[in-house]
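Asks: Look at TrEMBL and you will find Arg13, Asp54, Asp55, Ser56, Lys96, Gly113, Asp114, His191, Ser192 tagged as substrate binding site. Marked as Fe cation binding site by TrEMBL: His67, His92, Asp93, His165, His191, Asp224.
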Amino acid sequence: MAPDINSYGHSFRDYDVESERQKSAKRMREIYVTMDKAEMGIWECCELLNEVVDDSDPDLDEAQIQHLLQSAEAIRKDYPDQDWLHLTALIHDLGKILLLPRFGALPQWAVVGDTFPLGCAFDESNIHHKYFKNNPDYQCPAYNTKNEIYTEGCGLQNVMMSWGHDEYMYLVAKKNGSTLPSAGLFIIRFHSFYPLHKEGAYTHLMNEEDVKDLKWLEVFNKYDLYSKSKVLVDVEKVKSYYMSLIEKYFPAKLRW
């Protein structure tokens, strides 16, 4: 069941001009866009992620870094020339550090799981859609049309998404000047946006660049979901390769 309050004690029950869900998402961005929680490199964060347990992923019994490396190595094998995609696979879940005390100890429901747009009607393809009826936005006429606060083809970069680990890692990459191509940033931000890349919902909000980037997200998704294995990656054997990619696309130290 959806909680009545978020982790900061703010109620979701009342709304006026602006959606409370939007306000909550904006508050989270305001809290985390300051990037004042830590300073560390990408690989250090990969190792830190081993402290995280994702309750939404029942298929993952191994350390989180194994999922990252298994995804990255599987893509590397099939797409050897797309080094940015290898690195994107490695870092796509780093935003889950939000579950750790150092980064706010947010509850699981606020970090993992599917994401969806705010400020327009909730599409029926959203998982557990029947529970969206308990969301005040569902009953508000101002947010019950297909486009509502957006215009068709506005581009997903202009869409307010529900808060989660995807959005946080996207902000970290952007604020720290990552040189990953747009498709890499698109994958990081929208890999939990299953209504889009699994069900084909919300495509009316996409622009031409989104359409191109979505093709890479669909490629990535197969490896994210189906590369988990009991055969572990030798971390030390592949570390130097991924460190070279980190150096290519990110600064040595990032603010988180």
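Placed from the backbone N, Cα and C atoms, the Cβ positions cover glycine too.
Bear in mind that TrEMBL entries carry predicted annotations, made automatically and left uncurated.
How about a rundown of where these features are and what they're close to?
Replies: For Asp55 (substrate binding site), the Cβ neighbour count at a 10 Å cut-off comes to 12, with all displayed protein chains included.
The Cβ of His67 (Fe cation binding site) has 24 neighbouring Cβ atoms from other residues within 10 Å, across all protein chains displayed.
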Asks: Using the recorded Fe cation site (His67, His92, Asp93, His165, His191, Asp224) as reference, state which further residues of the same chain have their Cβ within 8 Å of the centre of those residues' Cβ atoms, listed in sequence order.
Replies: Leu68, Ser71, Ala89, Lys96, Asp166, Ser192
Asks: Return the single residue from the binding-site residues list (Asp93, Asp224) that has the minimum number of other CB atoms within 10 Å.
Replies: Asp224
Asks: Between the Cα atoms of Lys96 (substrate binding site) and Asp224 (Fe cation binding site), find the distance and write it as a whole number of Å.
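Replies: A Cα-Cα distance of 15 Å.
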